[in-house]
Amino acid sequence: MSTPTDPAAMPHPGPSPGPGPSPGPILGPSPGPGPSPGSVHSMMGPSPGPPSVSHPLSTMGSADFPQEGMHQLHKPMDGIHDKGIVEDVHCGSMKGTSMRPPHPGMGPPQSPMDQHSQGYMSPHPSPLGAPEHVSSPTPPQMPPSQPGALIPGDPQAMNQPNRGPSPFSPVQLHQLRAQILAYKMLARGQPLPETLQLAVQGKRTLPGMQQQQQQQQQQQQQQQQQQQQQQQQQQPQQPQQQAQAQPQQQQQQQQQPALVSYNRPSGPGQELLLSGQSAPQKLSAPAPSGRPSPAPQAAVQPTATAVPGPSVQQPAPGQPSPVLQLQQKQSRISPIQKPQGLDPVEILQEREYRLQARIAHRIQELESLPGSLPPDLRTKATVELKALRLLNFQRQLRQEVVACMRRDTTLETALNSKAYKRSKRQTLREARMTEKLEKQQKIEQERKRRQKHQEYLNSILQHAKDFKEYHRSVAGKIQKLSKAVATWHANTEREQKKETERIEKERMRRLMAEDEEGYRKLIDQKKDRRLAYLLQQTDEYVANLTNLVWEHKQAQAAKEKKKRRRRKKKAEENAEGGEPALGPDGEPIDESSQMSDLPVKVTHTETGKVLFGPEAPKASQLDAWLEMNPGYEVAPRSDSEESESDYEEEDEEEESSRQETEEKILLDPNSEEVSEKDAKQIIETAKQDVDDEYSMQYSARGSQSYYTVAHAISERVEKQSALLINGTLKHYQLQGLEWMVSLYNNNLNGILADEMGLGKTIQTIALITYLMEHKRLNGPYLIIVPLSTLSNWTYEFDKWAPSVVKISYKGTPAMRRSLVPQLRSGKFNVLLTTYEYIIKDKHILAKIRWKYMIVDEGHRMKNHHCKLTQVLNTHYVAPRRILLTGTPLQNKLPELWALLNFLLPTIFKSCSTFEQWFNAPFAMTGERVDLNEEETILIIRRLHKVLRPFLLRRLKKEVESQLPEKVEYVIKCDMSALQKILYRHMQAKGILLTDGSEKDKKGKGGAKTLMNTIMQLRKICNHPYMFQHIEESFAEHLGYSNGVINGAELYRASGKFELLDRILPKLRATNHRVLLFCQMTSLMTIMEDYFAFRNFLYLRLDGTTKSEDRAALLKKFNEPGSQYFIFLLSTRAGGLGLNLQAADTVVIFDSDWNPHQDLQAQDRAHRIGQQNEVRVLRLCTVNSVEEKILAAAKYKLNVDQKVIQAGMFDQKSSSHERRAFLQAILEHEEENEEEDEVPDDETLNQMIARREEEFDLFMRMDMDRRREDARNPKRKPRLMEEDELPSWIIKDDAEVERLTCEEEEEKIFGRGSRQRRDVDYSDALTEKQWLRAIEDGNLEEMEEEVRLKKRKRRRNVDKDPVKEDVEKAKKRRGRPPAEKLSPNPPKLTKQMNAIIDTVINYKDSSGRQLSEVFIQLPSRKDLPEYYELIRKPVDFKKIKERIRNHKYRSLGDLEKDVMLLCHNAQTFNLEGSQIYEDSIVLQSVFKSARQKIAKEEESEEESNEEEEEDDEEESESEAKSVKVKIKLNKKEEKGRDTGKGKKRPNRGKAKPVVSDFDSDEEQEENEQSEASGTDNE
């Protein structure tokens, strides 16, 4: 047996290695890391167990429950120590529980083999050699402890023997317990009782302490008795036990503050508390026993042999107190020493030997295994062999580890403190405490489990969150990348677009700057086929025109040469024969003619001196002058010879001009050699190059530009002709004269298109006088003018050129016939006539070969197929022609072509080519949208290039800066109540309400259907009294006797008249004179009544005014101090060619469809010579058809601006100015700056006032007018209101519908009397017959004869059936005409209209009309996707139109279309939308309306059947009562029936339907039957 001094057997203090695997060697076949079951070193602490197998009390205290419970309880205590919460208030009780010895129910201790196999340390001492391995000096039979040294609740002290007196007295122990209890209560925060305070101070013991002392004394006495008995039995062992008792007692005193356990004695409130803060780690796990290692065999053998006799092992610490008492009793009863059992050391050694033998045998078996084993078995065998070979190494390693641990341990109890703990009695309170702690532990475990689960769920949620965040970040990155890519593409596209725009701007810049080469290069770079095609066609067309112009000039020159030769030959023959000179018509010149007063050029035969002009003799005095001046003779050159020389010298001039051009190119402007004349030429050339965009330099081939070819011969005109007197031409008029002279020199014709008022008449007279003086072209000149301007032309000729002989060809046929001899004699220069007489008297006027034909207001020739153009082209010979017009392009480009074709038919041949080239940007069918700005400019410039040589146009603002400004205002006018009602009915139904007098229903009201609705609407806007029956009915209503309304009711019925009533008095007060233009003569009559009511002096000029009276009217109005305030003119008759510059205010009462008519009318006042600012007031009714007319007029003016004005054919505008003007038109063409507001008095005054003083005066006049109206007791509003209207005009919609149906019924089925006869408005006579009838004076008789012949011829044709079959066999080519449907019965139409009106007018509870969006569909342009989805679009407007055109034959057809409309809405719109729901409601409304009408029909049919039955019964009764029958022949019956039918037409029977398909034969048959019927009567 090893002593405590032996270092190998001495227990060393140190940390417990815990319940880990045993460090002993592996003694089994398994080479794994688990503990060996037979290892001596497998336990680190003492293993308590039975001292002997045969001991009767060895199994006492065993119970059937596992020992892991205590280890599980120790585990959380370790966590408490680790977390540092030992100082917690509730920690003490848990510590006590953890340090308590095992419960009796913890079960029996396991065997050493099981302990080794499980791999954890047991807290009990080993049964294999208790005397050797347990280092307790107390013998097994001794009492557990001495009474003096016993501390209640101390498990170690209970197992200690009594080694002498205790160091503490009982009083000190009582005071110590009281102090511990007080400390515990203070730690819990509880108050200390007085008894406890006295006990702490040692003044008094706690109650129950005395009983405890007595028990302790009894226990001490018992222990002394036991010690005496043991001393007698075991005296040799006593010194050793005493030697060990002292260190153990000291160890107990050292470990006493570290124990946390308490015992509850029988006394109340007594507790023993020991603080465990000093060594928590050592108490938290079982400590090893510190048993010496069995490795050194020398130490083991003495230990085994030193045990004398049987030894009794002390009871396990977990045994309860009854077991101890029983053990004490047995030791007292049987003190005999028990026999010694088997030596466990030898058994252990034998077991070791056998295990080693088995291991060696197994190693040999594994080494001798064959090599042909499968791989898996071989692997297992190899692993097992290597494990067995490692056994000794593992054993050595474990010994070294244990040796090291033994050195670190000083006290045996430090390794396993629980081995010496005294077993304590378990009280009920401790059991409850244990149960409570167990519940807390379970709750804590559940909390931890839930917390762990919550953490798990949180980790899942966090993972999901991270997952989402990750993918969101990935998606964000992808989105950013996509955005970056899209941005890159957008930037690239933007840059490309900018580059494209830059190239387009550069191209436009070069196009505008006339850099043709650069422009073509850019076109080639872009490879725009469309622009290249336009350029190519432009070049081809212009080149073609250039060739045509050149050919035309050559042809004219050749003709002129032939004529000159012929004339020269005749002149020579006449000179030889002494015949008088011939006139322009080939006849000899009469002395009384104008030609006799012209100077004749003569030359001196010797000197060659030529006399011409005033110095030359006149033609009438030529012979006498030659006799008086010998040596002179008539110069051989006549006017024809002069023109011949011009044409012969044309080529020479061209060559010289080319040489001059070359010289100009060689000249250096900066050199000193350049003369002043050359410098001027250079400047002029530069100006021309800048101004004329078409004058190009000669190309390499020397060809000239289009304009240069056209105006090859140029002549400078610096002053007007001497024949032009009483005035001087302005500079721009001289330029116009020069341009016309250039046309004459180049054998071309043109259009003088100066704006109205710039003096086209004066320039024409100047051209005639210039040609007469300088070109010897005395005429005859044919000037064709409108009838309204004929007197003005005569006046201007008398004023400017009185020496020119003129004939005004007009008047009655007798007057015109009286002028024929003068025409034939040629004793005149100019013939003035009108368009009508040119056509009527062409057999007279066309015989004269006119030198010049001048057509004023040339836009009359705009229609190529009009009669005037055809007559002039076919009958009249005039090689030189000029058109005068202020509006060269009024509506369409073909009109412009018609003018050019009339002037130059050889150049402008095909209208289709011209229109195809230039009509694209102006077509109203959408072609204009397809052209971009550049293509539009190209096409317009191409048209300008074509027009420039033949058209000259200047505007007033350009040529006459002194001309006062012209300001135009569009004034919106309101309607009166009468106008509004009439307008609404006319617009919606096409009817005009009447009082019913035309149908003998006077006062009940009626309706009158009128054709040409737009014209009727314009009449209503102007004045409702333009309808005579309305005026008569209102006259009767207002009490006027003669059926004509006068006075204030005239202006109260019309909004425009009311506006005039406010404006005209102000203009008269400020001495402004007014031109008032109207479209309708009946309106002018109403206007005259109004002027008479207001006492305005006026003049009237319209189409009925005679030509003689017109000049007198103009003279009256224009004379200074004229008393006439207003000139009332019709737009068509008085808007052309009149000079009315005395007026400074123009009122356009109603606009014309052609805006140029209104412009012409405005320029009657805004002319050269006007001194005042001109105000143009255009009246327009709000929300009426007049606004549409104004919009159409604006579009036409837009076309004119693009073509004519942007060309700026004024010969001096630069290309930059023309480009800027055209660009401004294109940019602002869609702006609309009008408002629909009716202006108030202040706004009106601002419009018509020229100065501030006038504005103030007008405001005062308005104030006075309002005051006067307020003073009038019978005052009425300025415009008529609804309460003033008669009852027959205020009808509800149902009544108006009824009247409309009646009117339609009469219109379709007739009045029932007879069929309407056709009226032939065509001319019955041919022109020859008409002229002959005029001459004979029997015009009416001739017309009647022709009509009778036509009627007979038609009857003969009707009787011929063969012709009828031939006509039927003939078919028109192309698509057959659309058949007109036969009309429906009025009742069905009425029902359909009633149903549709019910559906359309249906409103919901909120008052919203559901059918508003269904009335008219949006256009394809606004909503293209609707028409892609819906195959058959339909709306209520189309349905009503089909009802009107009788497309529906039954209500079922109507229902199909309405259902289709609703179905379309439901297909296109989403389910649940408002339109979708409205369509469902409208379906139900339609069905209910149809059912209602069906019920009404059934009730009507039933009532009709009842009436018919009653009629049949009456007729039967009448037939029975009649006894006498009168027989008549069939003719009499037929005649009587016809007479009855005429007297009382039967509306119940079917009436003949008049349709467009009735042939003429059927109509005549009906007429004949009617005629025979009337004859029989």
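Numbering starts at 1 and runs along the chain as it is shown here.
Each Cβ is built from the backbone N, Cα and C atoms, and glycine gets one as well.
Here the structure is a predicted model, which means the values were calculated and not measured.
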Selected residue, Swiss-Prot feature phosphoserine, from candidates SER117, SER145, SER596: SER596
Selected residue, Swiss-Prot feature phosphoserine, from candidates SER657, SER1503: SER1503
Annotated stretch (motif 'DEGH box', per Swiss-Prot) among the listed ranges 48-51, 164-167, 840-843, 856-859: 856-859
Neighbouring C-beta atoms (10 Å sphere around the C-beta of LYS760 (ATP binding site)): 25
Of the modified residues listed as SER169, LYS184, SER1382, the one whose CA lies nearest the CA of THR761 (ATP binding site): SER1382
Secondary structure content, the compositional bias 'Basic residues' (560-569) (per DSSP, counts of residues): 10 helix, 0 strand, 0 coil
Nearest of the modified residues (SER169, LYS184, SER1382) to GLU755 (ATP binding site), judged by Cα-Cα distance: SER1382
Nearest of the modified residues (SER169, LYS184, SER1382) to LEU758 (ATP binding site) - Cα to Cα: SER1382
Helix, strand or coil at MET756 (ATP binding site) [DSSP, three-state]: coil
CB within-chain contacts under 8 A for ASP754 (ATP binding site), separation at least 6: GLY736, LYS760, GLN763, GLY886, LEU952, ARG953, ARG954
Least buried by Cβ count (within 10 Å) of the recorded positions THR761, SER1382: SER1382
Of the modified residues listed as SER169, LYS184, SER1382, the one whose CA lies nearest the CA of GLY759 (ATP binding site): SER1382
Winner by Cβ contact number (other Cβ atoms within 10 Å) across the binding-site residues GLU755, LEU758: LEU758
Reduced DSSP assignment, SER169 (phosphoserine): coil
Between MET756 (ATP binding site) and SER169 (phosphoserine), the C-alpha gap once rounded to whole angstrom: 150
